[in-house]
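Feature annotations, courtesy of TrEMBL:
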type	residues	note
REGION	59-96	region 'Disordered'
COMPBIAS	63-78	compositional bias 'Low complexity'
DOMAIN	195-237	domain 'B box-type'
DOMAIN	344-401	domain 'COS'
DOMAIN	404-500	domain 'Fibronectin type-III'
DOMAIN	485-716	domain 'B30.2/SPRY'
Amino acid sequence: MEGDRLESPVTIKGIERELICPACKELFTHPLILPCQHNVCHKCVKEILFAFEDTFADGGSESSNQSSPRIKISSSSMDRIDRISRSGRKRNSLTPRSSLFPCPGCQRDIDLGERGINGLFRNFTLETIVERYRQAARAAIAIMCDFCKPPPQESTKSCMDCSASYCNECFKIHHPWGTVKAQHEYVGPTTNFRPKILMCPEHEMERVNMYCELCRRPVCHLCKLGGCHANHRVTTMSTAYKTLKEKLSKDIEYLISKESQVKAHITQLDLLVKETECNSERAKEEASQSFEKLSHVLEEKKSAALKAIEASKNLRLEKLQTQAEEYQGLLENNGLVGYAQEVLKEPDPSFFVQTAKQLHVRIQKATESLKNFRPAAETTFEDFVVDIAKQEDILGDLAFHSNGLETPEINEEQSRVYNKALISWECPGKTDSADTYVLEYHKLNREEESATWQEIKVCSKSKVISDLDDNSSYAFRVRGYKASICSPWSQEVILHTPPAPVFSFLFDDKCGYNSEHLLLNPGRTSVESRAGFPLLLGSEHMQVGCYTTLDYIIGDTGIAKGKHFWAFHVEAYSYLVKVGVVSSSKIQKLFHNTHDVTSPRYEQDSGHDSGSEDAFFDSSQPVTLVTLGMKKFFIPMTPASPKDPASRILPLPSCLGICLDCDKGKVGFYDAGCMKCLYESKVDCSGMMYPAFALMGGAAVHLEEAVTARYGEYHDDI
C-alpha cells in the first residue's frame, strides 16, 4: 500500500509551470476547479470573493480593493460591482443569487452559481501531484510527528483517516491493536490528505457516481433527479473514467511516439532563435541607418533655419543702430541740430541761403520722423517659427509598413455599445493576418480640436472596453501588427453610448406571470406569447370587435433612484407588444385590471386608429407604455400630436431602449442602434419602478445581452 502511494519523483520533473496558481503565482494549495476548467487556490478564490464583497459594501470605491495585495481583480468585474452599487436597485427575495468570479487563468467572468465557492470541486489529483513535487524539491526536509511532545520526532507514516502524521511510537499509541483505528489506511509521511470518497458539493451527504457530459463535472444522483443537471446527459463514473483515461493515454502515447519529431522541432527552433537574433541585429542596423538619415536631414534643416534667423537678426540690428544714430543727432549741440546751430551763425545772407535750403529739408524730415516714430525693424521673429505639427503626426505613425499586411476593417454589425463597448474587426483578404492589433478610440468633443487617442493592444479580433462615458460618441480605429510590421489604420467607426448606466434585470416569473399565455426561456431573458388553444377557448366569451386583455410581465428588479437604461429586441412577426415602466403601487391594478375585454376604440395608446380624436394618453393609466407591432413604432397621442395617425407611426428599430430618469420623472424611448430618442414623456416615480412589458397574439421580446467576457468554448467533449 505504501509503495503504491510513494511514486518516483522523476515523473514530475519539469512540470513546474503546470503546478503554479495563476492568481498568487505560487504552488497550488487546495486547488479548486472552476467551471471554465482552470484551477485556483482555495485561499485565492476566497480572497477575490471577499474583495468583491468589500468593494460592494463600500459602494465600489477604489480604496476597498486593497484587501489582498497578491490578488488582482479584473476591471470588467469591478465595473459590474460599481454599476450594481450605484443603481439603487432592490432585488426580489425570490430571485436566486449568483457569484461572478474573474478567472485569473482565462481572464473571463465565471458564474459560480447560487452556492458560489461551496459548489466547486477540490482537485485532489492536482493536489497529490503538487505534494509529490514538494517532496521531491525538499527531499532533505522531514515531516515531523503531530503528536510528539517537544521536541517532535520525525514521522514514519501518515494516517489518511485521521489526516495526521505519526512517528512509530505515537502511531502505536493512537492506533492500538484490536481497535477500529487499527484498520485505518496509512501511507508514507505526507502533508496531502484527501478523502477516500469524493462527495457532491451540492448535496454534501451524497457521493458522486455520475459524470455530466454537458457541464463536464462529477454529479450525484440527486443532481440528476431534481437538480440543475436534471435535463443534462450523464454517464456512469466508471464509463467516464474509462473513456477519459483511454483518450488521455492515447494522446500521451502519440506524443511519446513522436519524441524524435519533437526533438527535431526543438533543434529547428534553436536554429530559428539564432537566426532571429542575427536578423534582428541586421534590422536594428538598417533602422538605425534610416533614423540617421532623418537625423541628417533634420540637422541640415536646423542649420539652415538658424543661419536664416542669424542673418535676419544682423540686418535688423544694423537698421536699428542706424536709426538710433540718426536720433542721436537730433540732440542739442550734437549731430544735425549742432550743425544747424552753427549754420545759424552765418552772417552773409547769400552763403546762409545756399546752405540753409538743403539743411531745412533735412530738419523737416527729422521733425516728421519724430512726430511719427516707428522702429526701423521688427523685434519679433514670428515669421521664423517652424510648424512641425504635420511632421509630428507623420513621425508618430512612423513604422515598418508592409503592403502584404491587410488593413483590418471594423465590423459594425458585430460591434455594439451597451453596458460596455464590444469592438470586432476582420481582415478582408484572410491572408497574411496580423499577430497582434492596436485598437485606438477617443471621445468626440466639439470643444477639443485635437483628440487624444487611447491605445489598447489586443491579441484577438475583438475587444471589450469598459471605461466609456454615458451619453457620448466615440470614434474607433484599428491596425494590425506582424512582428515589427504594421498595417495602415482602418476607417474610423463612430458608436454612441447609452444615455444612462445600463440597468440589468430578468423577467419575473413570480409576480403576475401567466404561464398559460406566456413562455419564458430558462435564463428568463426572453418571453413569448402563446397564441394557441387557450386563446381560442377565451374567444368564446368575446364580443364582436373585441380582443382579450394583454398579458403583462415585469422585470424582477426595481429602480428607486437615479437614471437607468435598458434595451431589448422585438421579433418582427410580433402583432402587438407594449413596453414601458410601472410603479410598485400600480402593479396590483396592472394584473387585476377589471377590463378583461378591451376594445381597440378605447385602447388609449394602442397605435390603431380608433376613430376618436380625443383619445389622448391618460396619466391615470397603471403603466406608462408605448405600442409596438407589425414592424412599427407607434408614438402615443398627446394634445400636441398631429391628427394624422400616419405621422405618429415610425419603422420599428432592430433594437429598442428605454431610459428612466427617476430624479426628473421622465421616461424616454430610444432607437438603441443610434441612441436617438423617439419619444419622451413624464412619469410618476414616487414608488419603486419596474420595467413592464405586455404581449398579445404572436409576439416575442428578447432582453439585450450585456457585453461581458464570455466562457471559452469547451473542447474534447466526451
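Here the Cβ of each residue, glycine as well, is placed from N, Cα and C on the backbone.
Unlike curated entries, TrEMBL annotations are predicted automatically.
On a predicted model such as this, the values are computed, not experimentally measured, just so you know.
Tertiary neighbourhood of the domain 'B box-type' (195-237): same-chain residues 33, 35, 37, 113, 115, 118-121, 124, 160, 185, 243, 714, 717-718, selected by CB-CB distance under 8 Å and a gap of 6+ residues from either end.
Taking H, G and I as helix, E and B as strand and the rest as coil, DSSP gives the domain 'B box-type' (195-237) the counts 7 helix, 11 strand, 25 coil. Mean model confidence for the domain 'Fibronectin type-III' (404-500) is a pLDDT of 85.
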